[in-house]
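Record features, source Swiss-Prot:
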DOMAIN    11-256  domain 'Lon N-terminal'
REGION    72-101  region 'Disordered'
BINDING   Gly409, Pro410, Pro411, Gly412, Val413, Gly414, Lys415, Thr416  ATP binding site
DOMAIN    693-878  domain 'Lon proteolytic'
ACT_SITE  Ser784  active site
ACT_SITE  Lys827  active site
Amino acid sequence: MAEAVELPSRLGILAFRNKVLLPGAIIRIRCTSPSSVKLVEQELWQREEKGLIGIVPVRDASESASVAPVLYPGGGTDSGERNVKSQPGLSDSRKADGKSQQEAVHWHTRGVAARALHLSRGVEKPSGRVTYTVVLEGLCRFRVMELNSRGNYYTARISPLDITKADMEQAQQDPDFVSLARQFKVTAVELISVLEQKQKTGGRTKVLLETVPVHKLADIFVASFEISFEEQLCMLDSIDLKVRLSKATELVDRHLQSIRVAEKITQKVEGQLSKSQREFLLRQQMRAIKEELGDNDDDEDDVAVLERKMQSAGMPANIWKHAQRELRRLKKMQPQQPGYSSSRVYLELLADLPWQNATEEQKLDLRAAKERLDSDHYGLVKVKQRIIEYLAVRKLKPDARGPILCFVGPPGVGKTSLAASISAALGRKFIRISLGGVKDEADIRGHRRTYIGSMPGRLIDGIKRVGVSNPVMLLDEIDKTGSDVRGDPASALLEVLDPEQNKTFNDHYLNVPYDLSKVIFVATANKVQPIPPPLLDRMEVIELPGYTPEEKARIAMQYLIPRVMDQHGLSSEFLQISEDMVKLIIQRYTREAGVRNLERNLSALARAAAVKVAEQDNATAVSKDFHQFTSPVEESRLAEGAEVEMEVIPMGVDNREISNALQVMSPLIVDETMLENVLGPPRYDDRETAERVSNPGVSVGLVWTAFGGEVQFVEASVMAGKGELRLTGQLGDVIKESAQIALTWVRARAMELNLVATGEINLMEGRDIHIHFPAGAVPKDGPSAGVTLVTALVSLLSQKRMRADTAMTGEMTLRGLVLPVGGVKDKVLAAHRYGIKRVILPERNLKDLVEVPSAVLSNLEIIYAKRMEVLEQAFEGGCPWRQRARL
């Protein structure tokens, strides 16, 4: 508890609107306005523990000034400070920023001196505004004699009103004071006893009763619970000890009585709850008895409710007739009969389906839709342009049967979120139907009701859950459906996605037609090949390419890092990740088309930071019991747009505990050392390609997968044998044939390539060749490895190394022609991702490079191949063939 403090003649003044700080009370405030920040810097921050400020209550100008005297502005002083002399009944009035209206600040003439127990400084991001968090302890009362404006804040000449030791000794001789003190302590002990029973606290408060003078106890107790502003002012103005004790006893007793009344109400409510629980158990027993007797009135009531619900569902006439027939059948059945439950569940489904309920479409704002797409997704310019075109057609002709969009691309490039953005732009509800791993046609069409455990298909169930007949429905992973003896889900989707047929979609469980023509379908897939051609014909494929490293870095800074920080309860005050570190993560730890692995790595860093923050004993969440105050004078220097957040500290809290609890932790900055500690050693190395092609017989190819483009190494080795070719690496038939073609072409041109001496005929005589595709657990197939295979064989047999900065793709024929291949865009992006500088492509794939970002092409040298003479570009020092040889 604070000892007597000698106050200076002048204090810096901080105004509290409709709130009073009493001596002995401890509060936490947050200062954000320029005036309060300046006050804290000048009076507290620079003076450290010696700093004192005055807390003076103020009230709104609209409130009556009769309760508290007010101050008004006077003339200037020699020191340049504006003088404001104290006179009752007047106010501080001034023109704000040259405006004609005037603001009146009603200052109370008494305040409380306070000292800072703890002071911390912070900077808000991104504004850079400086804020202070201060823990203040009220010391003693004072009277405001003169108020002055010093720069951005106020100071006041004060007169202390503290009780002296002589005054206290004299009061203790007064029988009335002794009686009041005894009565106050008795009431306080009763309050502590009640609180101790409710909250298991009060030990430290009892110590206060024995050690703190009674006149200070009065202020401390009153400050510990909520009272009105007028009562707070009354306590502040109670200079006379007997008046103060009398008022404090009254307030403490009133608080005690309110707690006791609340306890009585709580006990009464708990008694009523016990009675309700008893009635509930009896009713449950009564219901069980009625079920045994076959006389259950509750079920009859439920059936009546179901009937009313069906009547209000808005079913078409033919379906309503079917539902009535089923309802009559249900009414004739007893609840114990086997078909009762299934029939009732079926009717509940009919009643819950949105037959007429539909979302009213908002007026399409293409500009807002474009802004939404740009804010949710980075890049994807052509994809977003196609979506805007789709929305423009919907705006001009809402009932148009537009194409069904199918977003195809690697995982993590934003396919699902694009569908959600379309839903938001149209103002419709969004429902996602996952088709991954679906092999049963009944998952789409539903099970027939004759089977036990039958249920509707995923589409009807989704319509029921979303509650409207015109949602945006996402058919996610449509390429992952399979087929077995139970049917082909893709065949069932033919009816769903055909605008001519889905008007009368027939779910096997529902057994009545349902109109799906109002639903906007959007599909996603990783690759097109598994989708059956008839189903693919009903959709418009929009390909989403993988992201470049530069795009990933921008996505991480704009989207991923803020989301990860929010998910882990962090902010930039705890963790900072620079763009350079993000690029390092992309380069060393993720080589993917999308950004999911990048987000996982960022989450790992956030978790590591969360552990360090949580391990700090004093890193506690902000209290929910904060009270927010706004300055009454918006235009004055007192608090221009000021906002002060206050938290009352409980009685008896040790000041050292408060200081320790508010220590500020410096942010954790991610560097290379932290990356290795959290994410482990780098998974990828820019030198990998150079190291793997350092020996002859290795070439670098480019392949396409469902997860985007990848670099594929091809290794060849020769040994003594019988002229056989061995292939390993889990290869398909097409790629095996490409290897045979490559070997045949090399054998036919062995002399031109200087692979055999003049006169030799058989290149393979007495030796075998083994070709291996690393990553043997991954299936590989396709014709695009032809050029890569030839390069590996020529490198092996000529003992010349391939260039480490070059990768290639292309199908080849027996005559040496290089044919175009697919997936060129993803392959080029993969080469750029792996740090490759030169790419050999079929000449007829030139048109496909239009879709590759210019930032990627500017960093690559593209070499076009029409025939196999491009081999010269693949080797260091050129190809070893003879002059004038035509390949």
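The backbone N, Cα and C atoms fix where each Cβ goes, glycine too.
Location within the structure of each feature annotated in Swiss-Prot.
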residue : record           : Cβ contacts under 8 Å, 6 or more apart
Gly409  : ATP binding site : Lys415, Asn526, Glu543, Leu544, Pro545, Gly546, Ala593, Gly708
Pro410  : ATP binding site : Asn526, Leu544, Gly546, Glu592, Ala593, Gly594, Ala706, Phe707, Gly708, Asp826
Pro411  : ATP binding site : Asn526, Glu592, Ala593, Gly594, Arg596, Phe707
Gly412  : ATP binding site : Glu592, Ala593, Gly594, Val595, Arg596, Asn597
Val413  : ATP binding site : Leu380, Leu544, Pro545, Gly546, Tyr547, Ala593, Gly594, Val595
Gly414  : ATP binding site : Asp376, His377, Leu380, Leu544, Gly594
Thr416  : ATP binding site : Arg432, Leu474, Asp476, Thr524
Ser784  : active site      : Gly701, Leu702, Val703, Trp704, Thr809, Gly810, Glu811, Val821, Gly822, Gly823
Lys827  : active site      : Leu702, Val703, Trp704, Gly709, Thr809, Val839
Worksheet entry | Per-residue pLDDT averaged over the domain 'Lon N-terminal' (11-256), given as an integer | 75
Worksheet entry | Assigned conformation of Pro411 (ATP binding site) - DSSP reduced to three states | coil
Worksheet, complete the sentence: Lys415 (ATP binding site), Cβ-centred 10 Å count of other Cβ atoms over all protein chains shown, is 25
Practice prompt. Let me know the DSSP-derived helix, strand or coil state of Ser784 (active site), please.
Written response: coil
Response to the item:
Within 8 Å of the Cβ centroid of Gly409, Pro410, Pro411, Gly412, Val413, Gly414, Lys415, Thr416, the other same-chain residues by Cβ around the recorded ATP site are Phe407, Thr524, Leu544, Ala593, Gly594
Worksheet item: DSSP three-state call for Thr416 (ATP binding site): helix, strand or coil?
Response: helix
